[in-house]
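Trainee: Sharing the record's features from TrEMBL:
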- 114-137: transmembrane segment (TRANSMEM)
- 158-178: transmembrane segment (TRANSMEM)
- 190-214: transmembrane segment (TRANSMEM)
- 314-337: transmembrane segment (TRANSMEM)
- 349-368: transmembrane segment (TRANSMEM)
- 374-395: transmembrane segment (TRANSMEM)
- 407-424: transmembrane segment (TRANSMEM)
- 430-453: transmembrane segment (TRANSMEM)
- 474-502: transmembrane segment (TRANSMEM)
- 514-533: transmembrane segment (TRANSMEM)
Amino acid sequence: MSASVPDIEKGEKHFAEPVLVTTAMTEIGVLTSPDTDRTSNLLVALHRVNDRIESLSGFEARGITRVLPEERHAASALADLQIIVLWFGANISANNMTTALFGPLVFGLGFRDSVLCAVFGCILGCASTAYMAIWGPPSGNRTMVVLRYFMGYWPSKLPCFLNIVLMVGYNTLNLIIAGQILSAVSGRSMTIAVGIVVVAIVCWVVAVFGMFVFHTYERKLRRKSCFAWLCQNTALMYGAPRYAWIPQLLALFVLIGCAGPHFDPTLESTGDTITLAANRLSFLSLCFYVPNSWAAAASDYYVYYPETTSKLKIFFLTLAGLFSSFTLVYLLGIGLASGVASNPAWADAFAISAGSLLVAAFDGLAGFGKLCAVVVALGIIANSIPGVYSAALGVQVLGRYGKAIPRWAWTSVIMLVELVLALAGRDNLLVIFSNFLALMGYWVEIMIVIVAEEHLLFRWNRGFDWARWEDRKYLPIGIAALIAFLLGWAGAILGMFQAWYVGPLAEKAGFSDIGLWLGCGFSLISYPPMRLVELKLIGR
């Protein structure tokens, strides 16, 4: 970034853009009506509180406003490397490892079947997210704002709401798993509930205030370039996923060394031919859902890249970061699950919780093993922060009333909701996990199908005017996209296989979860003809 452009992510204000609270309140008519002295004083006080918090946090405060080309960061090899590190650091976490436990322990798959399904499901899910990431640099807009260009201003609010639910749900699971690990490390002297509260507080502090310390020291040490660079890349590792991978990766390497001998690569799958095929597809789909869920927020982290950044470069760097991280933790999770059958201590630990199984895997290292388990638990924070970030943005995208509240306040509300949900569901992790993941995975891929078809079939040579992200007269009506989205959901319901519901087509397919594939198929077929009619009748 040039010297004339303020660094928004470090709390420096861009004077061309009004303060968020004042702008938003004016937009909804609060300041344009006759105000009493008491109301005026309250607004001034709130304005000052907001300015103070934003100046302390160092957290990017611009909300959903488009990042203009002149505000972007300069292209560099380090910025490209950070793409890989961002996704790698955010996803080598225990919650993603838990997904892989389902292969051997829930679906009865052997080691080889579990590995193959996990790897190929991971490739598909990572590619979907990488595709959605390419829209960040050219647009300068967040993912749910970009979606307005493909689904219309009003219809895009439905995926936006679902994305908020998705991010809150994932972070709720993160809190539960971290609480389980901390409880197991303490020998049950700390309850899971207390562990959840501890991790939730740390997540909230990091999300709202955590970058203040880093930026304070960075500014003081800026003249000492080497030392400043070292601080920039090591301080507050858990405050940003770009740095969390360092202790996290070391802890996972230790886990491989001490638990690897107990993995059982000879474990075979169970069930007849039809059951085995159904379980393979269900587990492959499950491993697809998790990396694919990031697609609903992928563009959010690229809005400061130059608009001329190569889409292919963004795609492959994102794919590399996602695939390397998910493959690592998936294989570790499958290894742990394969050892449960032959290791009574692991089986007893898993009977308590998934977090206890992870702690039991470090048992041979005594106190150092417990330290590694704590590092793994805290690594979940790095996975949670991007989700909280995108969920808060989503609330602002929903409407002008959402924009009236600054994002740090929405971050606080979202963390409180996640804390309450985690405390309520702390004893039913695997049930919540299996039901929630699949349900949320359906809509994300249906959305991607619509975006890809609009891009490849109708917008290949037309392009977009990214500056008109709030112009409802320019954006598509979105009737075709909405109907295709709902039809996709109908297909997903027909093929859904969950503990609480089995779709008729899932039953015909040997009780396999084919909801994702049917949902995509329904949208893939229905969208193009309806979009052609919409363009002919409406013209946009």
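Just so it is clear, glycine is given a Cβ too, placed from its N, Cα and C backbone atoms.
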Trainee: Do any residues, 6 or more residues outside the transmembrane segment (514-533), come within under 8 Å Cβ-to-Cβ of it, and if so which ones?
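Mentor: Beyond its ends, the transmembrane segment (514-533) has Cβ neighbours at 281, 285, 288-289, 438, 441-443, 445-446, 449-450, 453-454, 457-458, 479-481, 483-485, 487-497, 503, 505-506.
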Trainee: Where else in the chain does the transmembrane segment (114-137) make close Cβ contacts, counting only residues six or more beyond its ends and a cut-off under 8 Å?
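Mentor: Sequence-distant neighbours of the transmembrane segment (114-137): 72, 100, 103-104, 143, 146, 280, 283-296, 298-303, 305-309, 311, 314-316, 318-319, 322-323, 326-327, 330-331, 334, 337-338, 444-445, 448, 451-452.
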Trainee: Counting Cβ pairs closer than 8 Å, which of 314-337, 374-395, 474-502 has the most of them with the transmembrane segment (158-178)?
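Mentor: Per the Cβ under 8 Å count, 374-395.
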Trainee: Can you work out which residues elsewhere in the same chain, 6+ from the ends of the transmembrane segment (474-502), have a Cβ less than 8 Å from its Cβ atoms?
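Mentor: Same-chain contacts beyond the ends: 148-156, 158-159, 282, 431, 434-435, 438-439, 442-443, 446-447, 449-450, 454, 465, 468, 509, 511-523, 526-527, 530-531, 533-534, 538, 540.
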